[in-house]
Amino acid sequence: METFFHQLTQGNALLVIIVLGCGGSFHGGYHVTGLSSPSPYIQHFINSSWCDRYKEPPGPQRVTMIWSLIVSMYAVGGLFGAVSVKLFSRKLGRKRAMICNSLISVLGAVIMLTSKTANSFEMIIVARMLYGYSAGLGVSLHSMYLGEISPRKIRGRVTLTLATFNSLGKLSGQFFGLSEILGRRDLWNVVLCVPVCFSVVQVLVLPFLPETPRYLFIEKRDDKACKQALQSLWGKGDYKQEMEEMLIEHMALEASPLKSPLRLMRDRTVRWQLITMLVVYSCNQMSGMSAISTFSFDIFLNSGVPKDKIRYVTLGLGISEILTSISCSLLIEHTGRRLLFWGGYAVISAIWMVVTVMLNLKDLSWAPYVTFSLIFLFIISFCGGPGAATTTLSSELFTQSDRVAAFVLMGLQRWFMFAVVGLIFPFTIDAFGSYCFTLFAAMSLLGSFYTFFLLPETKGKTLVDISEEFKAITVCGKSFLEREKVETKL
């Protein structure tokens, strides 16, 4: 651990990681939990705004519809942001794209802050969409940036900081939403603008920090600037090994130019990587983490936790999420990625089965405490398992020619699944009651089987080596590459 921190402090790497986190995944985490606390005040504002404008109260259905738009526009914005990552990262580079993304967040905050004075709920909808756009673009850029600045031996630890800042954002959303802080009727628009402070910090500081070495070497073909960036990030050195790895990747890029998302989906050489990310992201979203983050109040209320204690319980969840994420960042280079995936999914599946039993026994005096403890255990298992490993894996699966297109596809899937879970979970609870958690258990079990039998270990390997391992995967004695060879011969 001392060696890791020593490496971070030899150059500007630690500062870059902090600045990226503040303007990147922190926002995604904050806006997931930050809307929960001021929700009754925003709905009251919709009522009063409508009355002032049309001189009559809106019907309950109209208020619900406007509130649903405010909630869902965040995911819609996220989808558009994920699609835009290729345009921004290719045209502007990683660093300037991050700065531009922070400016979008600042614009959203200005609109949100002035919506109350303007007495306009439409401005809240627009601001939420801009927040979502910034989060969708920012998380992809953040992950890409971290993957391209980190040396192979500590790549897992460095990329895992994305998950840590996401957890910190969730905790901040819960903390600032407390009534003792900013969660009051007169400050609902302020609590939704807190992350803009970090966006401003990124806009002011990031211009003085280096661009990613991989982008400079492989895409800009500037080996001198690449070496300067490596020395600025990690301290003085010749970095021959890193430069040689990038040269190999650069030669592979010349043989296979940058791909579009559609072309990437048709490419059989990366089919297993795409399937892996499809399975992992689907299992992550359907493992229950999104539901816990968004609907924690309802879940704890149904499990028997007193209503006035729920906000403090969710704050405890946020703290445990951060501590687990930090602990996992120190262990991931020892345990590898596979164990965190299949072991984490297996434990999560078992937890949800027991939670289902406990919710059916909630009339017993001790059952709510067991349920409460199991949800804490779920947070630890997810954030210290598949949740953490996904961040690292997504930056390791694709070489430079495929990376930008892959991040577009992964971002689209992540935000689509986030929107789907947000839409269907309330109806699932109504339809199945406590048995809805068996769906989470089944998806987690699927993730455990897939990662145990098919996912190769990526720890300590170059991106080219990882690509070759995926090409070697066979099912029933056949691989996608063999099928491609047969088709070519025909």
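Backbone N, Cα and C atoms are what each Cβ position is placed from, and that goes for glycine too.
Curation plays no part in TrEMBL annotations; they are all automatic predictions.
According to TrEMBL, the feature transmembrane segment maps to 12-30, 65-85, 97-113, 125-146, 158-176, 188-209, 272-292, 312-332, 339-360, 366-383, 404-426, 432-455. Positions annotated as domain 'Major facilitator superfamily (MFS) profile' by TrEMBL: 17-459.
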So if I exclude everything within five residues of the ends of the transmembrane segment (12-30), which remaining residues of that chain have a CB under 8 angstroms from its CBs? That is, six or more out.
98, 101-102, 105, 131, 134-135, 138-139, 141-143, 145-146, 149, 158, 161-173, 194-195, 198-199, 201-203, 205-206, 209-210, 232-234
Do at least three C-beta pairs under 8 angstroms join the transmembrane segment (158-176) to the transmembrane segment (125-146), pairs 6 or more apart in sequence?
yes
Maximum Cβ pairs under 8 Å to the transmembrane segment (339-360) among 65-85, 97-113, 404-426, 432-455 is reached by 432-455
Long-range Cβ neighbours of the transmembrane segment (366-383) (under 8 Å; 6 or more residues past either end)
163, 167, 284, 287-289, 292, 299-300, 303-305, 313, 316-317, 320-321, 324-325, 328, 344, 347-348, 351-352, 354-355, 358-359
The transmembrane segment (125-146) in contact with the transmembrane segment (272-292), cutoff 8 A, at least 3 CB pairs, sep 6+:
no
For the transmembrane segment (65-85), could you work out the same-chain residues 6 or more beyond its ends whose Cβ comes under 8 Å from its Cβ atoms?
31, 35, 39, 42-43, 46, 58, 97, 121, 124-125, 128-138, 140-141, 144, 404, 407-408, 410-412, 414-416, 418-419, 422-423
Per the Cβ under 8 Å criterion, with at least 6 residues separating them from its ends, the transmembrane segment (272-292) contacts 264-265, 299, 317, 341, 345, 348, 352, 375, 378-379, 382, 386-387, 390, 393-394, 397-398, 402, 406, 409-410, 413-414, 417-418, 420-422, 425, 437, 439-440, 443-444, 446-447, 450-451, 454-455, 467, 470-471, 473, 480
